[in-house]
Each structure stands twice: as C-alpha cells, then as structure tokens.
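Listed features, source Swiss-Prot:
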REGION    74-288  region 'TRIAD supradomain'
ZN_FING   78-130  zinc finger
BINDING   Cys96, His98, Cys125, Cys130  Zn(2+) 1 binding site
ZN_FING   148-214  zinc finger
BINDING   Cys169, Cys174, Cys194, Cys196  Zn(2+) 2 binding site
BINDING   Cys201, Cys204, His209, Cys214  Zn(2+) 3 binding site
BINDING   Cys241, Cys244, Cys261, Cys263  Zn(2+) 4 binding site
ZN_FING   241-271  zinc finger
BINDING   Cys268, Cys271, His278, Cys284  Zn(2+) 5 binding site
ZN_FING   453-483  zinc finger
Amino acid sequence: MEADGQKYSVLAKTQVREKMMKEIEQISEVFLVSKSDATVILIRLGWNSFKASDLLGDNKEKFLAKLGLARVLNSNSSSADRETGDGDYLVSTPFCSHKFSTTCWSEYLSDALKKNKEQRGLISCLSQDCVASVGPDTIEQLTEPVKEMYENYILESFMECHKATIKWCPASGCEYAVELQEDGNEDNVISVVCLCGHTFCWTCGLESHRPVSCKKASIWWTYLLDQSRSISWIHTNTKSCPKCKIPVQQNGDPNYRLINCICSNNFCWICLRTEEQHQGNWNCSPVAVPAAGPSTVEFSQILHLNLWEAGHEALKKAKSKLRALEEKIIPKLIENCGATELDIRTVREAGMLSVQCRQVLKWSCVFDYSIIEYESTKKQYLKHLRALASTMLCMHEGKLDELIHLALSPEDFTNYKHKLEISTTCTGNHFDGFIKELEDGKPEVKADGYENEPGSRWFCDRCTFENSWVDKQCKMCFFPLDYHPSPQVAAAPEDLGKSE
C-alpha cells in the first residue's frame with residue numbers, strides 16, 4: 001500500500017484553487033499582463049505555462065491581439081455605471097466599446113460556458129463580429145450566479161488539462177482532489193484513498209479494485225454483480241415447479257399457498273404437492289428435499305456474491321471510522337495530547353490504510369471467482385493468503401483503536417503512536433506483498449488438473465478471459481464456446497498445409 005511511501009496527496013477545493021492561481025500569477029508577473037488576461041491565455045493554451053511563456057516572449061503584442069486581448073475599437077466615454085432600469089447596468093469588455101445589459105451578458109455567458117465546457121475555447125464579446133475576449137475582469141461586473149459559473153468553468157478547465165496528475169474524487173458530494181506527487185509515476189499509482197473515505201482506481205476511475213485488473217473489474221461491476229444478485233434472489237425467493245422445473249415465485253399473498261405455473265401445473269408452495277393430492281387437507285409440512293439447486297456456476301456466483309457483500313459491509317465500517325477520525329478524533333488528539341501536524345499525518349495514514357486493505361480484501365473474492373474451478377490448489381492458497389491478510393489487518397485496526405481510546409496524555413500518545421507507526425509499515429508491506437503475489441499470478445503454485453495438457457485453455461472472444469476446455473461458456477461473461485474448435489480436432493502445426 002502507499003501508507004508508508006504515499007505517492008499522492010489529497011487536496012481541498014481551496015488548495016486546488018490556490019495551485020491554479022499560482023500559475024495565473026506567475027504568467028501575470030513575469031510578462032506584465034493582468035491576471036484576467038493571464039487566465040484567458042492559460043485556458044486557451046490548455047494551461048501549458050511553458051507554451052504561454054514562449055508565445056508571450058516571442059511577440060507579446062501579436063499574441064495578445066490574436067487572442068482578443070488587445071483593444072479592437074476606440075472606446076467611447078464609459079457608460080458602464082449608467083443604470084438602465086431595474087438595477088441593470090451596461091457592461092463591456094476592456095477591449096471594445098460594445099455595451100450590453102447585465103441581463104443580456106448573463107444569458108449569453110450561461111449558454112457560452114455550457115457550450116465551451118468541452119472545447120475550452122475563447123469566449124468573445126456579445127457583439128456578433130467582435131473578437132474581444134471575455135475574461136474575469138468582465139465577469140466581475142456581472143451577477144453572482146454568473147461569477148460562480150465562470151469560476152467553476154476556470155477550475156474545471158484547470159483540472160481537465162492537469163488530469164494526468166490531479167483528479168477530483170469521484171465519490172458523490174466529495175470536493176476533495178487527489179494529486180500525484182512530483183516523484184510519483186501515474187503507472188505505479190493504482191489505488192488512492194480520499195479523506196472522505198472513498199478509494200478509487202487512478203487508471204479507470206472505478207472504486208479501487210486491486211488485485212483485479214481494470215477490465216475484469218469493469219465486467220464484474222457492470223454485468224456479473226447484477227447477474228449474481230439476480231441468481232441469488234431467484235434461489236432465495238423461488239421454487240422449481242415439480243413438473244417443468246421452471247423457477248416460480250409466490251404471489252403477493254403469503255397465505256395463498258396454491259401456485260399456478262405457466263405449464264398449467266398447480267402445486268402447494270409448502271410441500272410441492274398438487275391440489276388433488278391434498279384432498280382438501282392443507283395441514284402439510286415443508287418437503288425435506290428442496291427443488292433443484294443452483295448449478296456449479298450459479299453456486300460459485302452466489303458464494304462470491306456473499307463474500308463480496310460481507311467485504312463491502314466491512315469496508316463501509318472502515319470508511320465510517322475514517323470520517324469519524326477526521327471529524328472528531330483528530331481534533332481531540334490535538335486538544336488533549338498536543339498532537340502535531342506530523343502526528344496527525346501518522347494517525348490519518350493508519351486510518352486510510354485500513355480502508356485500502358478492506359477494499360483489497362473485498363475485491364480479492366472477485367479475483368478468486370476468476371480462478372477456474374480446476375485450479376483448486378490456487379484457490380486453497382488464495383484462501384490461506386486472505387486469512388493471513390485479514391488477521392494482519394485486524395491487528396492493525398486494534399493498534400489504531402488503542403491510540404484512539406487509551407491515548408489520554410502526550411506521553412500515552414507518543415507510546416501508542418510509535419506502535420501504530422510500526423503497525424502501519426508492517427501491514428502496508430504485508431498487503432503490498434499480498435497484492436503483488438496475486439497480480440503476478442502466483443507462479444509458485446502449480447494448478448491441479450489440466451494445467452500442463454496441450455489445448456487445455458480457450459480465450460473468450462468477448463472479454464479475452466482464459467477458460468478451461470471443460471467450460472462450455474466463459475466464466476467471466478458467459479459467452480458460449482460454440483465457435484471455438486475443440487482441441488481434439490485442431491490440426492497440429494506439422495499437419496498444416498498437407499493434402500489428403
């Protein structure tokens with residue numbers, strides 16, 4: 001994990017704005033242009049400060065004129081302060097004399113900002129043929145809703161152009177951003193934890209899914225998860241008709257026991273006998289033998305769905321604990337124990353590590369699902385690794401609880417903090433090894449069955465998942481094997497090209 005060598009930092013929205021303003025101020029100060037003009041320049045150039053410096057250094061006046069940041073008409077006497085009625089005023093850009101009411105500007109800019117949301121192009125004067133650019137200095141004269149919309153437009157432009165190194169947390173309602181550190185490598189940062197408790201994959205934006213690949217995580221998230229829930233619901237809430245074996249759901253009245261199947265067979269929901277077999281006596285007991293159980297594939301889906309949901313509940317508790325740590329515990333530690341910023345970082349990283357580890361354990365059941373059933377040795381070994389990782393995590397969470405509940409003085413805090421630092425490092429290293437072992441495919445574990453037999457695998461045409469030839473459909477996306485040639489009839493390389 002990244003707890004003891006974190007390659008990213010979590011920023012509040014105000015901190016992101018500060019970074020943005022720093023770039024604007026640098027261009028403004030070095031090339032003696034207003035902050036408003038510097039903002040327009042950076043938006044137009046995709047926030048490429050180096051390119052902006054080159055163009056401003058080569059021919060500043062020509063470049064500014066090209067962007068509509070130079071006067072295009074001799075302005076008449078200012079009437080920006082002249083009232084037009086109902087509190088409305090006439091406003092123009094600093095580069096032209098075309099004046100329009102604030103109402104017209106507001107309507108125009110609302111539409112223009114929405115259209116420019118993707119293109120990040122220039123916004124020109126409201127006059128049809130005028131090339132004067134609209135910047136923050138013009139926006140400042142307008143209403144508060146327009147100002148807020150324009151500020152968000154600038155910020156989103158900044159984020160979009162820096163998305164390789166900084167991204168918003170995708171959690172609903174969260175306003176934190178995650179930024180890679182200067183020595184961080186985007187390819188090496190896979191899982192990040194926001195201060196809101198949400199963990200997500202830097203590459204694909206889904207919730208963090210290590211040790212599962214982005215592709216398999218997407219398939220599980222968008223298709224298999226819903227299918228598994230449907231299968232689980234069917235086997236919990238239906239019974240198979242004794243005649244046609246089709247799953248049948250009880251009607252809305254739990255007291256009405258006679259079920260009508262689409263095959264025209266009527267049977268009792270309790271004992272599965274027909275109405276005639278009851279002979280008017282409905283005082284029956286449930287049958288000892290249930291209806292047809294799930295298939296091997298369905299059973300596997302139900303099993304892993306239960307593991308997934310148990311892991312999800314444990315993750316929710318870890319996230320809730322992290323929020324409480326941030327909102328309640330840390331302020332108390334500062335007040336009662338005199339905790340410094342470095343101390344708080346230690347406690348915060350311990351809580352974030354707990355969330356990361358719970359996320360890994362949750363997704364490890366999906367990794368287990370992707371292992372074909374004949375690789376039983378790998379499944380057993382994975383079960384062993386998961387048990388070790390769970391034990392290690394419980395011990396780490398115990399150390400964090402000790403600090404939270406028992407550190408009542410600066411001396412206590414120092415003692416428990418030292419233990420927590422050791423636990424964070426050891427637990428992070430253990431889960432790093434756990435993840436790496438799974439992502440590398442556990443090469444030291446020899447799979448049972450057909451592992452070394454020629455032609456014992458086929459790759460799904462839809463999702464490229466590797467299946468065994470005994471599987472008649474893909475275990476990941478259920479694409480049928482119909483179009484794949486059997487290994488028994490496939491021609492050997494030395495036979496290719498031979499005539500009859």
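In case you wondered, yes, glycine gets a Cβ from its N, Cα and C as well.
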Subject >> Neighbour count (Cβ, 10 Å) for Cys96 (Zn(2+) 1 binding site) >> reply: 21
**OP:** Specify all same-chain residues, apart from the site residues Cys241, Cys244, Cys261, Cys263, whose Cβ lies within 8 angstroms of the center of the Cβ atoms of the Zn(2+) 4 site, ordered by sequence.
**Re:** Pro242, Lys243, Lys245, Ile246, Val248, Ile262, Ser264, Asn265
**OP:** Look up Cys241 (Zn(2+) 4 binding site) in the DSSP assignment and report helix, strand or coil.
**Re:** coil
Original post:
For the zinc finger (148-214), DSSP counts of helix, strand and coil?
Top reply: 15 helix, 14 strand, 38 coil
Original post:
Taking the Cα atoms as reference points, how far is Cys284 (Zn(2+) 5 binding site) from Cys241 (Zn(2+) 4 binding site) in Å?
Top reply: 18
**OP:** Determine, from DSSP, whether Cys284 (Zn(2+) 5 binding site) sits in helix, strand or coil.
**Re:** coil
Subject >> When distances run from the Cα of Cys169 (Zn(2+) 2 binding site) to each of the binding-site residues Cys125, Cys130, Cys214, the nearest one >> reply: Cys214
Subject >> Packing count at Cys201 (Zn(2+) 3 binding site) (other Cβ atoms within 10 Å of its Cβ) >> reply: 20
**OP:** Express the distance between the Cα positions of Cys263 (Zn(2+) 4 binding site) and Cys125 (Zn(2+) 1 binding site) as a whole number of Å.
**Re:** 72
Subject >> Among Cys204, Cys214, Cys244, which are recorded as binding-site residues, the nearest neighbour of Cys194 (Zn(2+) 2 binding site) by Cα >> reply: Cys204
**OP:** Rounded to the nearest Å, what's the C-alpha distance separating Cys125 (Zn(2+) 1 binding site) and His278 (Zn(2+) 5 binding site)? Just drop the number here, would you?
**Re:** 85
Original post:
What residues, ordered by sequence, lie under 8 A Cβ-to-Cβ from Cys196 (Zn(2+) 2 binding site) and sit at least six positions away in the same chain?
Top reply: Cys169, Ala171, Cys174, Tyr176, Arg323
Subject >> Nonlocal residues around Cys214 (Zn(2+) 3 binding site), in sequence order (Cβ under 8 Å, 6 or more apart) >> reply: Cys201, Thr203, Cys204, Leu206
**OP:** Using all protein chains shown, find which of the binding-site residues Cys174, Cys194, Cys204, Cys244 scores highest when you count other CB atoms within 10 A of its CB.
**Re:** Cys194
Original post:
According to DSSP, does His278 (Zn(2+) 5 binding site) fall in a helix, a strand, or coil?
Top reply: helix
